[in-house]
Amino acid sequence: MRPLNLLVLAAALLATSALAQTPEPASAPPDVPAAAPAPTVSPEAALIERGRYLAVASDCIACHTAPRGKPMAGGLAIASPVGEIIATNITPSKSHGIGNYSEAQFAAALRRGVRADGANLYPAMPYTAYAALNDADVHALYAYFMKGVAAVDTPTRETALPFPMNIRASMKVWNALFLKDQPLAPAPQRSAQWLRGRYLAEGPAHCSSCHTPRGFLMQEKTNLALSGAQVGPWYAPNITPHPTAGIGTWSQDELVAYLKSGRVEGRAQAAGSMAEAITHSFSKLTDEDLRAIAVYLKETPAIGPDSSTPPTLGTRFEQGKAGNALAQFRGRTLGADSPEEIRGARLFSASCASCHGYNGQGTRDGYYPSLFHNSATAGVNANNLIATILYGVERETAEGGHVFMPPFGDQHNALNKLSNEDVAALSNYLLKYYGNPDLKVKPEDVAVIRAGGPRSPLLLVARIGMGVGAVVVALLLLLGALMLLRRKRIDPENDWK
Ligand code: HEC
Ligand code: HEC
Ligand code: HEC
């Protein structure tokens, strides 16, 4: 790198680390001596606490803890288009965790996706986002992981991806193409609140890793940042401030409330991976940090159809209306009675109406949400409606509440066992009367969501790519050999070799 670039980089580093400080816990003013009257917190304890807060903001636990497993002991299998990637044990265990990692090695894993042994990590570990973490925060995280997490001396299953994805070195090429291994660009004209929001949203909280569509090689399409993407069975919708395609109609308060509790009545509720992120991470952030994220998000580029053409249907938060309770109670719909529609209406009465109301209006306290004016029934696709029916909703809120809707796709539970045809009929019924009537669900669509979401052709591409690559390499070698021969023949200096 040229010295000028280095200078710019160093300046950027200084600027971002100065601007993006985590507020120190109020109980630990740095100038209070250790012997001062109680209650005081030692600088080390304050550092560990800061690291703990950052680990929460970064949601390390979501991936590095298996269901019912020990915190950070790994073992969770993360589905990727090319197979399962197992999150590793990142407790300070010296035998099976990261107990032998130096701070530099820890920083390399977090920001560059390189393990202590030099092997590359798969981007299932969101190092492309964590690359934005500043040195002070990496230092605090390291202190927390070494001293604030209990060591667990048990191994995790090895990741075994199929060829050629099992060649970790191939990630070097991916990184060269897609990893921006540097702090966020300085933006001196912006407020401290906006900068903090950007730092959190793009770095630790990694909103883009779910909400940004991915390209051919699973890289985030930065020109379409936050405009909506499928993550496994769930669809993470457009959260740019676009007035119709995004969340331009949400107030800052609503966004903060959603991140804190996972629901805004008459707009959306969080299930799936968003519910997990809220349970473990966002609901535990300070109000100032959530507000900073909201401030930043409201100012990201709006992405969606040209807003000069007025929308015909309104936003996904405004569609549908309360149904005719009596007609639906009888399992018949307002005029149409195709067999599929009657099937959908009957399933609704039998399985859903007890909580969401016979007219889909939900309960007055909002605990059971209305199914119209709801992003799950009027999004750009019906995937979240299908996924909600199959997998239910489970979430914990900042106030310690538990939000629960049972899953109806459980093949081992006779009571909640809906077939793909059932789910399609029910979805179409809900879409027609409560949501986006242009969407139609086929049993095959349900099968895809049931199987964990759409598959990507990446593995095939990689295999073909390897094949093509091998041919190209062979050709280059041949060419090189030919040139060498030619050189030898015409270069007199080579005669004695
Ligand atoms: C979205 C899921 C996800 C999140 C969030 C996540 N990780 Fe990871 N991490 C992984 C996976 C998967 C691997 C293993 C990847 C592999 O084997 O290539 C991994 C690997 C690692 C490793 C390498 C350990 C080793 O030697 O194998 C470290 C260190 C690490 N993560 C630390 C963290 C920290 C610290 C956080 C929070 C700041 C975090 N991770 C958040 C998924 C995640
Ligand atoms: C692990 C993946 C993941 C991460 C990380 C994530 N989201 Fe989400 N988000 C989702 C999914 C999936 C949904 C849809 C949930 C549903 O409707 O049940 C969603 C829904 C939302 C919604 C509601 C939109 C709507 O129309 O229903 C907002 C707002 C939102 N996310 C904001 C954020 C912000 C801000 C961040 C970062 C601070 C973030 N998300 C990080 C996966 C994620
Ligand atoms: C036992 C009560 C109960 C039953 C039965 C029930 N739900 Fe729900 N439903 C809930 C709760 C609770 C939520 C989540 C509210 C929240 O997130 O704040 C919810 C949320 C939803 C959402 C929004 C999910 C999202 O991610 O945005 C949809 C759509 C939905 N339910 C559809 C249905 C359908 C269809 C049925 C019938 C198959 C059904 N529900 C049956 C309680 C129930």
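Each residue, glycine too, has its Cβ placed from N, Cα and C.
Features of the protein shown, as given by TrEMBL:
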BINDING   C60, C63, H64  heme c 1 binding site
BINDING   C207, C210, H211  heme c 2 binding site
BINDING   C352, C355, H356  heme c 3 binding site
DOMAIN    46-149  domain 'Cytochrome c'
DOMAIN    192-301  domain 'Cytochrome c'
DOMAIN    339-434  domain 'Cytochrome c'
SIGNAL    1-20  signal peptide
TRANSMEM  464-485  transmembrane segment
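Across the fold, the C-alpha of C60 (heme c 1 binding site) and the C-alpha of C207 (heme c 2 binding site) stand 14 Å from each other. Each of the binding-site residues C210, C355 was scored by other CB atoms within 10 A of its CB, and the lowest score goes to C355. In this structure, the binding-site residues under consideration are H64, H211, H356, and the one with the smallest number of other Cβ atoms within 10 Å of its Cβ is H356. In sequence order, F348, S351, A353, S354, G357, G360, G362, Y368, L371, M405 are the residues of the same chain, not among C352, C355, H356, whose CB sits within 8 A of the CB centroid for the heme c 3 site. Taking every protein chain shown into account, C60, C63, C207 are the binding-site residues, and of these the Cβ with the most other Cβ atoms within 10 Å belongs to C60. Taking CA atoms as the reference points, H64 (heme c 1 binding site) and C355 (heme c 3 binding site) are 34 Å apart. Checked against ligand 2, the binding-site residues H64, C207, C210, H356 give C207, C210 as the ones with a Cβ under 6 Å from it, listed in sequence order. In terms of C-alpha distance, the listed binding-site residues C63, C352, C355, H356 place C63 closest to C210 (heme c 2 binding site). A gap of 30 Å separates the Cα atoms of C355 (heme c 3 binding site) and H211 (heme c 2 binding site). Over the domain 'Cytochrome c' (339-434) the predicted model carries a mean pLDDT of 91.
Rounded to the nearest whole angstrom, the C-alpha distance between C63 (heme c 1 binding site) and C207 (heme c 2 binding site) is 15. Excluding C60, C63, H64 themselves, the residues of that chain whose CB lies within 8 A of the CB mean position for the heme c 1 site are, in sequence, D59, I61, A62, T65, M72, G74, L76, A87, I90.
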